[in-house]
Structure formats: structure tokens, C-alpha cells
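First the structure, in the form of C-alpha cells, and then the observations on it.
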Ligand SMILES: Nc1ncnc2c1ncn2[C@@H]1O[C@H](COP(=O)(O)OP(=O)(O)OP(=O)(O)O)[C@@H](O)[C@H]1O
Ligand SMILES: [Zn+2]
Ligand SMILES: [Zn+2]
């Protein structure tokens, strides 16, 4: 028997399966979708078995070393999905497979250097030999850690054969086990043994007695931990196990990241709008029919309840459901809503879990111990076998697009899988992406509209404040007079305020007031950001940091000053203006520690603070009854990004933030501060008018030939030498022009807004097209021919339907 194996090197030259012989004892065990270790070149690597066959066109095949799984980690469906993904996003098949699995299932490679000929090594490289001492091998990382200059000696020794290099494959997946104790003989037998035990074996008698006097002794199997907690002796239990009166089993245990008890909730009685939206979803399930629904519902219209009740139907049909939620709104509040309704049927997957926890959640899905997964982007690959529904909440969110290989969009994967399973997809949003809404208009998707908040609570009233006017009146604070007054008013009424500051494009930078010099990263073409906590300037692209200095590197004056506003600065200003206000700040700095996100939100929910001040991460999903005021400090900070989606993002963000106010009994109010108060994205968000925004924005997209009228491909090249990257970009543009049809437009090569990142120069080419059958084949060829890899090679990335053009 022969296995086709994809080796886990995501580089293109090996983007094909290799044939391996399957040794006799493995023949009954091996299935496609399992991972194996195989000899590859002079190393051993992990690989995925994608097919089994009787013969190979190649002779002299190597054999598989070991099977790594007892159950395929990739189902037949996922194996096919991976091939499709690799084809349509132009990446290596194995990179697609890796993206589908939790990180622990990827091999952790460690290189070791082995001494092959100690005598020769000692003679030629005594310093090296000294490092090895009596050890036969050292980790590569440890060896070069001592002294990078050793590399030349190591290379020489490798060539002479006195040293050799090996890869260590270590399977990282570890399940957590607990010891469970149970009786292995009848109660009568235990009683007999008890009477025969000498009185000196007091502890053993105690333990035995404990088991004898339980009416359920046949099914009673407490953990060892629980027994010792009761005061029983561990040694005594071990002795009884030796005597085969008790038995101890190691039982696999799932880590439980949500230890808090969650209150069970019952389905709510739906509003008419909700019922009208739910019915066609259920119908489509019952007909086993694939359809895509776009559920466009204003904030607070009760979309989540529709999701919950459609999932309930999935469970009744003994099927499974995937719910995608953007990473930042995967808050404990959100998790509780799903666990509260479906309890242990739910697995949760997000980046806040440890590797072990993620692996456990994944196994619950694979072993069909749960029927629902709620998770961020990659949960779309949940290995369910009988999907009944896929839900994507906040479908407009750009985080559904993965920015590394494979550059997939979760929405595309959802639709592909739902076609396979003949089940519906529900896309939900208060501010759908233009792409999805356009498809709904064309009836490719079915539109479900919820125009009212639940119980006809009004949408909050919105005031726009012109920040230019404030400036003219001499107010240089980040708070307009109006916003400040309203915050004070809420403080008096004991109501709560949410303040939103968009960090991006609004970060703090340092500029010389006398010559205008901005301190930039020496490796990237971008200004450094001031971090107050550590009093350092940092690069947000490469992590470079340097001390803050008062003197200008260009003109030598001491007029270096901070510009812009960060959350810390706003917090400081708040405490100056309203010292009595209790403020909780939520940003990357205050939420870095595990659990801090949850803790801060809980404190705010328990009204331990008056004001919640935060970045993007507070824009979504929050639902607190006492919040009656929302302030957006600078609505247009996104508007001036060099990106065709800038207006759309602004509209979405402002609408979402405003939607946090007045969701319960108290009416809500929103203050939007802006330097461009007349911009349609700001105005339409203030008026809660999605369709007006949609129409305006679509007109502009049509004029600029942007999506959804055209599709885009962005090809980005980087190289340490500007001339090399320019030349390669030129050649790629020529290839595109030669092979693509006249209806496609090719732009570039151009230098993008950020011209250099991590000392690598960047060039871009862009293609706009409507229908282009030649596209994928050409892109695959470009990838194969130009990708050199390595630190000094050319790197090419191809992004179909990019979400950002930076
Ligand atoms: N049928 C119903 N009867 C009573 N209350 C409901 C009903 N449906 C939803 N709610 C409540 O209304 C509030 C808003 O609902 P939900 O959070 O689902 O809205 P949403 O559309 O998802 O909002 P957003 O897009 O702003 O997150 C919640 O507190 C929810 O419990
Ligand atoms: Zn200067
Ligand atoms: Zn940098």
C-alpha cells in the first residue's frame, strides 16, 4: 500500500504529494487525513496523508516512520476544502491544511547538531568540540546562541562530516489526564477483605470503608484528588490498587476555560420581525437547501436571539452549527449567551485560550462531544461531519479575512462548506459589507430585515459636534463642551458613559516643533509611537524601540513634542476635568493579561465605574443597561487612510459604537465629535441610515471601479534591495499584461504608502477584474517562479480580495 503525503514545508517547490510505502503493521490503521512522520531528504518531517493507493509510478520508495493520529485530523471534506483553498488563495496545500488545525497539531521542529566524528572535530575546531564536551548532540539554537561567529566553523564541520544536522519532530498535542479511582471487586468481597486487614493498616481500612459504604459503589469513581481532599491517604489507595481491590485509571480530561456556573436561559418569545426572519432559515434547513441569508438588523434588534433559536433547530435535527464572532466581540458576555442556552453542547475557540485549551475544544468537536462551536475566524474549519447551519455575526468585520497565507475570507469558506453540506448560511450585521448588501439586492443572498429595536426601544439620538468650531472657540481639549456637560450630567444621575477612541491613525508620535522632523523607525517607513507606560518610542510594524529624547536628531533644538492622543492621555485629561469620575480604561495595554478583559467588563457591569474608555475592543457586543451616553472622540480618524474602504469603515464603526447606548429601559444619547462633520459617512451613521450610505458609497465605488463592481488582486513584493524588488515587480506587471484579458486593468508597479518594513523594500501591483478565467493559473505561476524565500530572497504575497490596500 502507498500513501500520498503532503510534507509540512509550506514553500512552493514541494507543493505536491510524495509517495511513501505503508509498512505492513500500519495498513489497517492508516486513513487519509492522518498525520505521519516520514523521512524527507536528510531529515524527518511531519506530513498529511491525503490518499491511499495500491501502486506508485515511482520505484525505490521510502516508508512511513510513524502514524501520529488515531483518528484523522482532517476529514474527507476538509481534505477537499484544503485543495480548493490552496487553489483559490494561491498558497501551498499544506499551508491550507495547517491553517485548519489548532496550533498544537503542527509539529514543533527543533534542529539538533550531532557529533559524527569527535576526533576530527577536536582537531579542526577545538572551540566547537569544547562546547559539546561529553554530549553527543546540542540544540542548534543553543549552539549558535553562544556565538554567532561559530557559524563558519559549524558550516565547515558540517561539510567535512564531523557534525551533522537533524530535525527533531515532537508531537505537541498533549491531553490532560486525571487519576480516577473505582472499586474493582464487589462490595461483599471488599467487606471480606476489610475484616481480614490488620488493624495496623488503618489508612487502608479507612479507604476501603469509604468505598464499601456507598450504595452506588459499582458506578462510583471519584478522582484521586477528590479522595485525598476527603482526607483519605493516597498511599493507602495505591496499596489497595496493588491488591486489585481498587483500580486507578488515567482518564482524559477536558480543560474547562469557563469554570463559572452559567445560568440556563429559555428561548424568548420572538417579536414579529424576529419571527419573520427566523422562519425562512428554519425552512431552508428542513428542505436541506443551501441558501445564504443576510440578516440586516439595526443594533439591539435581537439578531442573537434569532441565531440561538435557529441553532436550537439544528440540535433538534441532530446536526451541528458553527457560529463565527469577531475576535474582539467574543467577550464572556457573548459566550454566556450561547452556553446559557446550550450548556455543554458548546465549544468555544478564541485566541485567549491556552494552546492546550484550544486543543481540547477542538477535540470535543472532532469527537462529536459538542454540536455547536462559537469562535473567531479559524473556527470556520471546525471538523464537524453533519453541518446544519453556519452563522457569521458582524459579517462586515475585516478580521474575517486572514492576512497571512492562506489569505482566506471566512465568509467564502462558510459558503463553500454550506454548499457541501446543503445547509444555510446566515450573515448578520447592523452595517453589512457593501459586497454582501449588493448581493442581497441582486437576490443572490436572501435579505432578512429587522428595522426596529426589540420592544420598539428608540435608537439613540445623535449629536454631531464640529471639532474645528471648538478649536476656533479656543477649546483645545479632546472633549467638546457639549460632551463634557453630558458626561457630568450622567455622573449626577448615576448613569454610565462609554467613550470611544480609535487608536489607529490617532496614535501619539513625536515631532520637532522647530523643524518638523518626525521620529521614524530606522527599519520601516513609519513614525514611531510613544508608549507612556515604558516611556519608549516603538515601531508598530517591527517592534523596534528607542528611548525618548528631548533633542531633535535633525536640527538639535530641544523642541521635541508629543502629538496626537492615546487612551492614556484621554484618561489623564478626564481625571483633570472630572476628578470624581471613576474611569475604566480598556486598550491593548490594560487587557494584555489573561482574564483582564473579562474582569474590566465585569467591573463596569457591576457599576464600579462611571466611564468606560476604550479602543475598537469596546465597539462591539457590549450590552449594559445603565449606559445612556456614548461619546465618539474623533469619528474621522479612519476617514483619511489611503484606502477605498475608509468611509465604509468609519460608517460601520460609528454606527456600532452608537449602538451601545440606550439598549434597555433608559433612553440613549450619542455625541460624535468630528473634524469632518459634513462627511456622508458621519452624517448617515448619525441618522442611522444604512441605505443612504450604501447608495452614496456605491456610486463612488462604481466611479473608481472598486469592489463590489470589480474584484481586486494585490501582489506585494519585498526585498532588502530596492533595485531587485523594482525589477521583479516590473516583470510581474509584464506577465500580467501579457496573459490577462483586455477587460482587466493592471496597475503598477508602484511603491505603496509604507515603502519599507523591517528593512525590506516594498512594491505592489494591483489587478481589477470582473471575469478573468486566466487569473488563477497566472497567479500560481508567478508564485512558483518568483518566490525565493529566505532572509535575503524575494518575497511575493498574493492577496485576492484584499481588505486593506496598505
Ligand atoms: N424577543 C425578545 N424579547 C425580549 N427581549 C429580547 C428579545 N430578543 C432579544 N431581546 C433582548 O434585546 C437585547 C438586544 O438583543 P441582541 O443583543 O440580540 O441584539 P443584536 O441585534 O444582536 O444587537 P447588536 O447588533 O447591537 O449586537 C438583548 O438584551 C436581548 O436579550
Ligand atoms: Zn528639529
Ligand atoms: Zn520598524
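Cβ atoms are placed via backbone N, Cα and C, with glycine included.
Because TrEMBL annotations are produced automatically, they should be read as predictions rather than curated entries.
Per TrEMBL, domain 'Helicase ATP-binding' is recorded for 284-450. The Zn(2+) 1 binding site feature in TrEMBL is assigned to 512, 515, 552, 555. TrEMBL lists 521, 524, 539, 542 with the feature Zn(2+) 2 binding site. For 547-701, the entry in TrEMBL reads domain 'Helicase C-terminal'.
Separating the Cα atoms of residue 539 (Zn(2+) 2 binding site) and residue 512 (Zn(2+) 1 binding site) is a whole-number distance of 18 Å.
Other C-beta atoms found within 10 angstroms of the C-beta of residue 521 (Zn(2+) 2 binding site) number 24, with every protein chain shown included. With respect to residue 552 (Zn(2+) 1 binding site), the closest of these binding-site residues in Cα terms is 521, chosen from 521, 524, 542. In this structure the C-alpha atoms belonging to residue 521 (Zn(2+) 2 binding site) and residue 515 (Zn(2+) 1 binding site) are separated by 18 Å. Mean pLDDT of the predicted structure over the domain 'Helicase C-terminal' (547-701): 83. Cα spacing between residue 555 (Zn(2+) 1 binding site) and residue 542 (Zn(2+) 2 binding site): 27 Å, rounded to the nearest whole number. 552 are the binding-site residues among 521, 524, 542, 552 whose C-beta comes within less than 6 Å of an atom of ligand 2, given in sequence order. 542 are the binding-site residues among 512, 515, 542, 552 whose C-beta comes within less than 6 Å of an atom of ligand 3, given in sequence order. Distance noted between the C-alpha atoms of residue 524 (Zn(2+) 2 binding site) and residue 512 (Zn(2+) 1 binding site) is 20 Å. Cβ environment of residue 515 (Zn(2+) 1 binding site): 552, 554, 555, 557 lie under 8 Å away, each six or more residues apart in the same chain.
Its own atom aside, the Cβ of residue 542 (Zn(2+) 2 binding site) has 16 Cβ atoms within 10 angstroms in the protein chains shown.
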